[in-house]
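J.: From TrEMBL, for reference:
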- 616-781: domain 'SSD' (DOMAIN)
- 255-288: transmembrane segment (TRANSMEM)
- 347-367: transmembrane segment (TRANSMEM)
- 617-638: transmembrane segment (TRANSMEM)
- 650-674: transmembrane segment (TRANSMEM)
- 680-702: transmembrane segment (TRANSMEM)
- 723-744: transmembrane segment (TRANSMEM)
- 756-781: transmembrane segment (TRANSMEM)
- 827-847: transmembrane segment (TRANSMEM)
Amino acid sequence: SATHHVTLIRGLIEVTPAFPLQVGAQHCVWHGECGQSIKVPEKKYNCRYTGPPVPLEPDGYQLLTELCPGLDYDNRSLCCDAAQLRTLKGSLELPLQFLSRCPACFFNLMTLFCELTCSPRQSLFVNATKFNASNVVEVQYYIGQTFTNAMYNACKDVQAPSSNVPALSLLCGKDAKACNATNWIQYMFSTDNGQTPFPIIPIFSDDPVSGFTPMDNQTFGCTEGLEDGSGPCSCQDCSKACGPKPQPPPLPPPWTILGMDAMVVIMWIAYVAFLLVFAGAVVGVWCYRKRTIMSEYGPILDSNNPLSLNGDDPANASCCETLGERFESALRSLFSSWGSFCVRRPLPVILGSLALVAASSAGLVYMRITTDPVELWSAASSQARQEKDYFDSHFGPFFRSTQLIITTTLNDPFMYSPYLGGSDVPFTSVLGKEVLHQVLDLQLAIEGLVATYEGEDVTLKDVCLAPLAPYNNNCTILSVLNYFQNSHAMLDHEIGDGFWVYADFHSHFLYCVSAPASLNDTTMLHDPCLGTFGGPVFPWLALGGYDETNYNNATALVITFPLNNYLNDSVREGKALAWEKEFIGFMKNFSNPNLTVAFSAERSVEDEINRESDSDISTIVISYAIMFLYISLALGHIQSFRRILVDSKISLGIAGILIVLTSVSSSLGIFSYAGVPLTLIVIEVIPFLVLAVGVDNIFIIVQTYQRDERMPQEELHQQIGRILGDIAPSLFLSSFSETVAFFLGALSSMPAVRTFSLFAGLAVFIDFLLQISCFVSLLGLDARRQEGNRPDIFCCAKLPATQETRTEGFLFRFFKKAYAPFVLKEWVRPVVVAVFVGMLSFSIATVNKVEIGLDQKLSMPDDSYVLQYFEKLSQFLHTGAPVYFVVEDGLNYSSPDGQNAVCGGVGCNNDSLVQQVYSASLISNYTTIAYTPSSWLDDYFDWVKPQSTCCRYYNSSGEFCNASGETGSDTSGRREKTSCTSCPCSSQTTPMPSVEKGEGHAAYATAVDLYPNNTGVGATYFMTYHTILKESADYIDALRMARVLAGNISQAMGHRVFCLFVSKAAGVSNIRPAGHVRSNSGFANS
């Protein structure tokens, strides 16, 4: 970031030489500090001095030993004084924080600056070229090319733990990919960074130049240990220390036989074998039966034959057959008596049924509807649910997200030509200034929205994420406009004259996408890139549709407003919901001919599902109306047009529909009494399910009665009782089987499936009970009406008697005379069996091709605005979902073993948590882990290094203390005993200009769960990102791989670590405070 560059450069500059002529060995070009710099007034020039090295004053001894131990010999005669050493220490604060993770890298960097600032051989490689009175205002620094390359090679892989990017991205003024050995040093010494008080011109050569001998001191490679005992750099910070790059295991080859899918081949072979065996068996049986017995299916043509087609001699019945016959006889007798009673006593049966239905349905007053996806699809005992609950209880719930994806209808790309030269840079239409102004107008309008909750005004500031509050109450807004401080004036800011524009929004944009945490770009604008909320806006979160890292080719702007989420706080959650509702209403009415906006809020999906459910009510009503019409027409066995009013079954059809509805309401009511919450699936699906089952039974009962002939001397109640005795056992067994099947589904651990199974099973059984009681009574009443020649509905009237001729319906005749005889032909039956076995074989062969998952777009109404958002999200997505590796409570972070099991720097275990995740990121195509995790522990180690001047406070008094005053550090800079605060201090420190690593409050405020009174560290998490995930299968595979990695980490640490995978729409959930604001907020504020 600019700050980083700034601080770094300040050090280089304030300790830089000023020497016009080459001076002999053992002579200086400067000594001490003089006047203020013109370019950077808060900094000083060095004083011109061409004499011999001067002994260092005693108050600088400690600093010399700390910063430049290679110069700490003899009488310490140097070309710098204690003031310059103090300036050097302050200037190296930033690179210390980042590069000291790799001792060799930091040693080489310190050598570069110590030799420049204090070397007694200064005049050999430093040439002061310009002066202003006694001030040195420009120097040349001759540096060996070998030294330059060695320093770069030792530092190029060092990571910034909190931002998941190479440290050189923050120290080189450009992306690490564009940084090399020479331009890194040139940037640190250039006044273009806005921090160097005078130019330092590096000249790289291994050979003497113009009489100067380039500085080419000893360097250390990142795989080498230092003479002070510091070990080599870790694998994470030194690719050479890693050994061979991990290789993903080869993908299992597809299971094939003879080049074809194995399952298909196996099922083909099995099916052909079945056909051969089956055909042989059929031929053998046919030949045997042809000689011995005639067909047993002849009687099917005579439906009046009262004998069973499969009747056997009772004397030959087995024990099981006898028991079955007795059970069937008992059921027949029971249902016959019950049917007769229902017809004889219809009023008590109907009233009793109504009373039971009313009592059951009254439970609906206790009805609770669950729409929370977590409650619907994740069992409380499931691994994912338990891990989420653990995370929420220790770190708080995931924040709410409101997001816009903006494209433009304009087609006006343009080419930007940098004033200082270089290749032309193409910009897309969406990055045009006018479009950006219009987008900023929209963003500011959203910021100004005011909602109402319980009579109280709610603004964005009331509900937004403000990570630096109360020091900075600005809301986190992830938008490219935050590079311009969300200001029209900043967007229009440019530097130029009447002929040329030296710097404008183009140059600022190009700088900010490469250094988003900068406080001061290196263009002539010197505007900050850091967002107004105190954190960086990474370009991959604010832009979409670009290729690789060419952000200037972006075709979409992404604006995200993360809102605070609350655990068990309905009031504050209600305010967030109210503001989101206001936002959605505003966006639905927003219109701009130049902009196409897709948007979504946290509540959008649930709102749209609820809206779809409300619209489904009309669908249910229409469906039931159509079914009622069909039942009324189909139940009525109309003999002639004159008897249409008598033979119709409209009232009976209405009764059948109402029985289905009352069975559903009774089931809902009974479980509502028990406190079982409903789901929208239950309300929308079960009425159709029970209707399908119930209509089946209604037709069986009514049409069996219609086709039956009353026996001599048999009364109506006896006839219906006999009919019910014949069919009710089958109805009972089928309904009971359906009920048991549904109740078995309730064994599922998935709440939505369990709830659906319980409600459906009970509804089906209640429907059966009402059909064999209330419906049978209504059937008896309707039969009396029909026999009395009374019209349906208007049953008080009576029509003249007419001669009734019983006829058979078309469908009955078709199935009796045509379909059944055809299917039962001896040659057709084997064909039917073969066809169905073939279908089964095909299904088995292809069942492993079924993909697991559900496209979230399928859950939305066709006219939903969320569908457009999902489409744009998939089209412009450039970041994967975040994944958190959570270390459960109980790890001892105060012990070296506990620290080394987690951290990723020098001295950490090769199989530590950070190191394993880093290794996984190297093969991201396999593991789906995209980056090294942000590590609060590694940042803390950097923060407490002895050389650090970061502010801390004393445990006893609360006053600030300095790390340099602490004691008891080991070679890696860690603390075993300290008079200052430990972890709680870093994680609670808010970024300030003088505190490089004190960004804990913004970066890791939620990453560390501290014990009460800050007595220790409990559970913590380490966050990284997945690669781009678009389909359900991608998310499932990513979760599987993350769990495998977490298991490996747990095994290596001997302590449980689990992964929590946030599967919100990527680009939305990527901005959790510790995952987004975490990145560089502290460094950028430094």
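Counting begins at 1 with the first residue displayed.
Heads up, the Cβ atoms here are built off N, Cα and C, so glycines get one too.
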J.: Under an 8 Å Cβ to Cβ limit, what residues of the same chain, 6 or more beyond the ends of the transmembrane segment (347-367), are close to it?
T.: 341, 662, 665-673, 675, 678, 766, 770, 773-774, 776-778
J.: Ranking 255-288, 617-638, 756-781 by the number of C-beta pairs under 8 Å to the transmembrane segment (650-674), which range is first?
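T.: Stretch with the highest Cβ contact count: 756-781.
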J.: Over the domain 'SSD' (616-781), work out the mean pLDDT and round it to an integer.
T.: 85
J.: In terms of Cβ proximity under 8 Å, which residues at least six beyond the ends of the transmembrane segment (827-847) contact it?
T.: 261, 263-264, 266-268, 270-271, 274-275, 278-279, 282
J.: Looking only at the recorded stretches 255-288, 680-702, 723-744, which one has the largest tally of CB-CB distances under 8 Å to the transmembrane segment (617-638)?
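T.: Ranking 255-288, 680-702, 723-744 by Cβ pairs under 8 Å to the transmembrane segment (617-638) puts 680-702 first.
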